[in-house]
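The next block holds one structure in the form of structure tokens; read it before the comments.
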């Protein structure tokens, strides 16, 4: 492994492990109540939608054209919609929660809380997967930036590090709520960030020889479709149930605004010949 590769790996680790910093904000605080959990789920949904539509799908359209990008995007949607049929998940609503408690007392309430924790856990895993897939091309960008020069690589790694902190919060929060384990929340958030150095390794050894840029952009567009489906199918209903529709929608747009600003400042740190 040459020195350039080691530098790129080190820089990508700085960016990737900043998700751990976001997770620390969660694990050092008290377990959130249901309304706060719903608001933060809405915020995480906003992050995911912004990544999906304003980053991955947008870049695919610019790179391979509107028609091809949309075919890849909706191919991802259909692909995961088919998979979702085979994923067991509890469906929970506030009205059924109150009815169950009245009928069965405390036991019914405990059963419903278990189902809620399972649903939140599922949402947290979805967020971790989506953010891992998003971090993957960021690692590739760090590698390409470090090839252009140390200044570009360092600036890009620092920008990505700031950009990844709220992503760590979005992953750790539902896992902490569902498992009541600070270690599990911290661990999963950290693992989602490690997709970034993995992107460095793969782009250095595999992509230049085996995968065309058009196919790569198409695959990232499909990832955007998968993330959009998962967010609308899983995360938004959860946010609506726990925080109420109006408050959850506000949280979604706040999350979108934060991620859009983060993507903008990240783009400013890239040289003109590069883009995420």
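Count begins at 1; order follows the chain as displayed.
The backbone N, Cα and C atoms fix where each Cβ goes, and this holds for glycine too.
Record note: among 69-87, 88-106, 69-87 is the stretch given as transmembrane segment by TrEMBL. When each of the listed stretches 38-57, 69-87, 185-207, 219-236 is scored by C-beta pairs under 8 angstroms to the transmembrane segment (248-266), 38-57 comes out highest. In this chain, the transmembrane segment (219-236) touches the transmembrane segment (38-57); three or more CB pairs sit within less than 8 A of each other, excluding pairs fewer than 6 residues apart.
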